[in-house]
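Now, the feature entries from TrEMBL:
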ACT_SITE  Asp139  active site
ACT_SITE  Asp435  active site
BINDING   Lys109, Glu110, Asp139  UDP-alpha-D-glucose binding site
BINDING   Lys273, Asp297  Mn(2+) binding site
TRANSMEM  21-40  transmembrane segment
TRANSMEM  52-72  transmembrane segment
TRANSMEM  516-539  transmembrane segment
TRANSMEM  545-563  transmembrane segment
TRANSMEM  637-662  transmembrane segment
TRANSMEM  668-690  transmembrane segment
TRANSMEM  702-724  transmembrane segment
Amino acid sequence: MDSLPLHVCHVHKLSILLNRAYLLVHSAALAFLIYYRVSFLFQVPNTRTAPVLPWLLVFASELLLSFIWLLGQAFRWRPVTRTVFPERIPEDDKLPAIDVFICTTDPDKEPTVVVMNTVLSAMALDYPPEKLHVYLSDDGGSPLTFHGIREAWRFARYWLPFCRRYGIKTGCPELYFSALADDIGFGSSEFMIQRQKTKERYEMMKDSITQARERCGQGHTRSNTARDHPSVVEVMQDESNYDTVPVLADKTKMPLLVYVSREKRPTHPHHFKAGALNVLQRVSSIISNSPYILVLDCDMYCNDPTSARKAMCFHLDPKVSNSLAFVQFPQRFHNISKNDIYDSQLRSVFSVQWEGLDGLQGPVLSDMDLEELKRSFGSSDEVIKSVRQIYKPNVINDQLSLQKVTQLPAASCSYETDTKWGKEVGFLYDSVVEDYSTGFRLHCKGWTSVYCDPSRPQFLGNGTTSLNDLLIQGTRWSTGLIDVCFSKFCPLIYGPPRNISILETMCYGELAFTPLYCLPLWCFATIPQLCLLNGIPLYPKVSNSFFVVYVFVFLSAISKHLYEVLLTGGSFRTMQNEQRVWMIKSVTCHLYGSLDSIMKKIGMRESSFMPTNKVDDDERAKLYQVGKFDFQTSNMFLLPMVALVILNTAAFVGGLVRVIFVGDWDKMFVQLFISLYVVFMNLPIIEGMIIRKDKGRIQPSVTQLSVIMSILFLFLGSIIISIVSY
């Protein structure tokens, strides 16, 4: 048994062959396209068929689009998948301890019941309870969240014995008691009785949290502002006046559950989620000091109790463990509709990019002396002691020691001053996408990672089911990525000198440059259309041999996208949805995220973090399930997308009329096609403007303002075109 591998890596040789062949052929076509564009610049000015300015804008957009595409091909260079054998890992007494970190900040956007379901699912992991420690960071210092974790601890006394006795895989009670559960249980009369009793206890927990929320709304409990409150660290323990015995008679051991609310003051930067995670690292290093950490979003339920054991298949393998920084599981979503109009499942990320990144590797770190430790980790003797123990477990169980823990400065807002926390230690603060920047810097230091995607989803979360949430989330991600892109940590600059492979550098670079899609897409959605209405050709004639090059590039990209979608279980409609969302995000949240990052760098605004709304909205969820866009979002997002659709519709109709009467379809075919393609891909926006009458439609005022914006653009653009033509 000892000689059997804990995991196996599968290299997809056929995919590698197809991907590399596609890279070669498509790159050759792009080279011909670039040659066509460059040759125009060497023509005699009097013989040029178009002004230089729009030609250069389109050429620059094609170059940027091609550059980002080329970076993205690194994900497809060597895709791999992995199979794990958790039954082969050592016995429970030889397993290392694990700390689970869960972060929440706003009970209005992250409902307390949802957060507590995540906590309970983490506590229900199939792992030795004495080696499992769950920490909840309440960054808002909310009394409602504090009440919720106490209620969750009480209910866990019923839930965990029930799950262990009957082998329940769905550790999230809300999901288990819903119609979505896939493991109802044995079906015996005893089981059904215990299941009903457990369900009643769960409903009692939910009712208690609901009532506490109502009291908070009426001002019957103390409240702290999210940016100004003291630190609170409390280890959940059994109460002496516990009302009844658990549902099951056995004395089930409970994992450690700790509530942490770090100190926050308006005068001190708190660094959002990364700051909260670093506080959890310090607090946990004093209480449990486990060698491994599992980080969960507050709505990311543990859907497979063996997920921790699956991760240990890599961490306990001596062939990879010395340089292994983390194991990445994909996040799946339990509320995704069949159509998934918002691409909430992130198919390309989890099924293509991460498998490709998993095929790229690298080597290791070293230890530090005491003085260096203090400069890095702070002056707390307890924190330094935990670091120097080299992750030796140090679980505190006695009440006196636990009381001392709550009085330590590790959770204070000033602890990180003059230390390396957030710079070189812990999760990094240079971007709101702390997972991206931290992972990149770890790889630059020689650490490696693996990607594990078992058939059963290991973690289930709430996918975005409204356009507003999608674009707010996308704006936040875009801001963080551009923060990295235009910093000294830009992957293309920071990576190569630090022994990170060129392919891995390209992968991180493609992610960092993704928000810059806004530039070419804004260009392709406006400049060809403006020139179409003014009779200026920007692309080769149909009779020109270079026309074939453009047709090939378009069909090649579309075919490859469709192939990947079908290979990962999608459909033609999936491809349509992904392209539509890519267009919408590029002209809205990618643009605003980039501008937000630039404004922060020049000091025009402060850093901000808006958590994604995780409150269920039945009306919006219904629209999502039937495949209708919910356009109840800010005009900041609506106006650009609606104006561009109106502009392309006008360009297509006007261009078609012009081609019929002038007869220059040979010159204008490509520009006509671009306008038609934009309109076709965004038919839901036209439906929202003209056909729909429900609350999710686009309001007439938005349509009218968008029409005015389109007319102004065409008027001013035509004037500029006429000026530069001379």
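The backbone N, Cα and C atoms fix where each Cβ goes, glycine too.
Positions of TrEMBL features highlighted on the structure.
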residue: Lys109; record: UDP-alpha-D-glucose binding site; Cβ neighbours (10 Å): 16
residue: Glu110; record: UDP-alpha-D-glucose binding site; Cβ neighbours (10 Å): 24
residue: Asp139; record: active site; Cβ neighbours (10 Å): 25
residue: Lys273; record: Mn(2+) binding site; Cβ neighbours (10 Å): 22
residue: Asp297; record: Mn(2+) binding site; Cβ neighbours (10 Å): 20
residue: Asp435; record: active site; Cβ neighbours (10 Å): 17
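Ranked by Cβ pairs under 8 Å to the transmembrane segment (702-724), the stretches 21-40, 52-72, 516-539, 545-563, 668-690 are led by 516-539. Within its own chain, the transmembrane segment (52-72) is flanked in space by residues 27, 30, 33-34, 37, 40-41, 353, 506-507, 509-510, 513-514, 516-517, 519-520, 523-524, 527-528, 530-531, 536, 538, 557, 720-721, 724, which lie at least six positions past its ends and keep a Cβ under 8 Å from the stretch.
Contact between the transmembrane segment (668-690) and the transmembrane segment (516-539) is supported by 3 or more Cβ pairs under 8 Å, counting only residues 6 or more apart in sequence. If you count C-beta pairs under 8 angstroms between the transmembrane segment (637-662) and each of 21-40, 516-539, 545-563, the highest count goes to 516-539. For the pair Asp297 (Mn(2+) binding site) and Lys109 (UDP-alpha-D-glucose binding site), the C-alpha distance works out to 13 angstrom. Closest to Asp139 (active site) by Cα-Cα distance, out of the recorded positions Lys109, Glu110, Lys273, Asp435, is Lys273. When the record's UDP-alpha-D-glucose-binding residues Lys109, Glu110, Asp139 are compared pairwise by CA position, the greatest distance found is 13 Å. The two recorded residues, Lys109 (UDP-alpha-D-glucose binding site) and Lys273 (Mn(2+) binding site), have Cα atoms 15 Å apart.
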